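Take a look at the structure below.
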Amino acid sequence: MSQKVLAFEKKTLTGNITVPGDKSISHRAVMFGSLAEGTTKITNFLAGEDCLSTIEAFQSMGVFIQREENTVLIESEGVNGLEEPVQPIDLGNSGTTARLLIGILAGLPYHFTLYGDDSLSKRPMDRIANPLREMGAKIDGRENGRLLPIAVRGGHLSPIDFKPPIKSAQIKSGVLLAGLLTDGVTTVEEKTKTRDHTENMLQAFGADIDVEGTTVKITGNKKLTGCDIEVPGDISSAAFFLVAAAITKGSHITIENVGLNPTRTGIIDVLKMMNVSIKVVAKRTIGGESIGDITVQASQPKATVIEGDIIPRIIDEIPVIALLATQATGQTVIKDAEELRFKETDRIESVVNTLSKLGATITGTKDGMIIEGNTQLHGGVTESYGDHRIGMMIAVASLLTDEKVELHDDECIAISYPTFFEDLHYLISN
Ligand code: S3P
């Protein structure tokens with residue numbers, strides 16, 4: 001396992017950058033391009049490890065996929081051209097590949113075996129397996145079919161009207177993708193809208209999909225046709241530098257061409273709620289996804305209460321929001337975020353342990369955390385626990401102290417942001 005000593009002399013971030021392509025959109029572009037007939041070209045693809053797992057999964061089903069840096073070319077004969085893979089499919093660390101792929105495989109008349117790394121093997125799969133079983137898929141795995149490795153025998157499904165008990169775009173998407181391969185109308189009715197990239201992109205590929213408020217209906221077995229997808233910058237990656245600039249004296253940065261889909265922009269709302277000086281300029285919309293520039297200036301953040309419907313819109317940003325809260329005036333409370341316990345790590349535990357080690361006063365609760373503000377952080381020995389977002393939170397935290405921060409197991413940052421340290425160095429070198 002590699003490690004890094006983080007001791008940056010200059011801690012002010014200035015300049016303009018772009019961040020790598022959106023992880024959620026990159027996964028979906030490969031999946032839908034593989035299900036579509038013809039050619040799909042993806043530009044600004046996130047060549048992070050999770051999305052590479054998705055590419056390999058479809059290659060193992062016989063789809064021609066060629067990648068050169070951040071451009072991916074897919075030539076597919078469509079759903080009927082997919083083959084039964086000879087070997088088990090390795091999902092690596094990727095929860096999105098797992099949940100969405102299981103939905104697709106449920107609709108294919110073959111047998112599949114799926115496995116992942118230690119972290120993914122602990123993450124619940126019953127949340128997607130249960131509705132798919134209701135549709136008629138045969139899914140079994142460890143702990144009564146709850147955990148990977150999982151075997152799927154798909155085909156011949158019946159549509160369902162599904163009301164997800166958990167706020168999760170992965171579950172919504174997995175069921176919609178099974179619905180895409182099923183005769184009739186499959187409905188997913190959410191309590192709170194989660195990220196809607198599946199709905200937007202399936203429309204671009206020609207699916208028969210209808211969105212009304214928080215209800216999505218898909219009519220199955222409509223042919224998808226390949227198309228070009230330009231992936232916006234990932235706002236979840238941008239979030240680390242937006243917070244870094246907000247909490248380091250003299251900073252002023254712009255992140256260009258970031259995805260501004262409203263189901264993802266909770267971080268902008270939180271920064272505004274916390275009194276951070278932020279400006280957003282929307283520039284264009286491609287395939288239903290808005291893209292623009294975000295500028296943040298160093299500010300004195302103030303504490304707030306974060307709860308309710310905003311949580312799915314900031315679910316991946318909460319670790320770095322917790323760090324921001326350590327610098328705010330007052331006490332910040334985060335509630336309704338029990339889903340954090342089912343991420344790459346239990347992110348309530350890993351955030352609380354890590355920030356405490358660096359001097360924060362932070363307490364975990366059943367569904368969130370309570371963070372005292374105005375804290376002087378200090379150095380220490382930390383680890384990412386194999387969680388990319390914890391690794392990047394630690395790197396940003398290290399900007400708040402003159403002491404050394406050791407970060408063990410930093411490689412996992414490549415899962416979503418392979419060029420994170422290059423971009424950080426660029427912003428502090430200006
Ligand atoms: C994702 C949905 C979210 C998010 C994950 C990506 C997606 O997970 O945390 O990083 O691409 O659909 P949940 O659906 O489990 O909330």
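Cβ coordinates come from backbone N, Cα and C, glycine included.
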(request) Going by TrEMBL, K23, R123, Q170, R347, R389 bind phosphoenolpyruvate; tell me which of G95, G103, G145, G368 is listed for that site too. (result) G95
(message) So if I take the binding-site residues (S168, R347, R389) and measure from each Cβ to the nearest atom of ligand 1, which come out below 6 Å?
(response) S168
(request) For S168 (3-phosphoshikimate binding site), just count the other CB atoms lying within 10 A of its CB, please. (result) 21
(request) Find, for the listed binding-site residues K23, K343, R347, the residue with the lowest Cβ contact count at a 10 Å cut-off, counting only other Cβ atoms. (result) K343
(message) The record lists K23, S24, R28, S168, Q170, D316, K343 as binding 3-phosphoshikimate. What's the largest Cα to Cα distance among them, in Å, rounded to a whole number?
(response) 19
(request) Any same-chain residues 6+ apart from R28 (3-phosphoshikimate binding site) with CB under 8 Å of its CB? Would you list them in sequence order, or say none? (result) L100, S173, H197, T198, M201
(message) For the C-alpha pair, I'd like the distance in angstrom between G95 (phosphoenolpyruvate binding site) and D316 (active site, proton acceptor), rounded off.
(response) 13
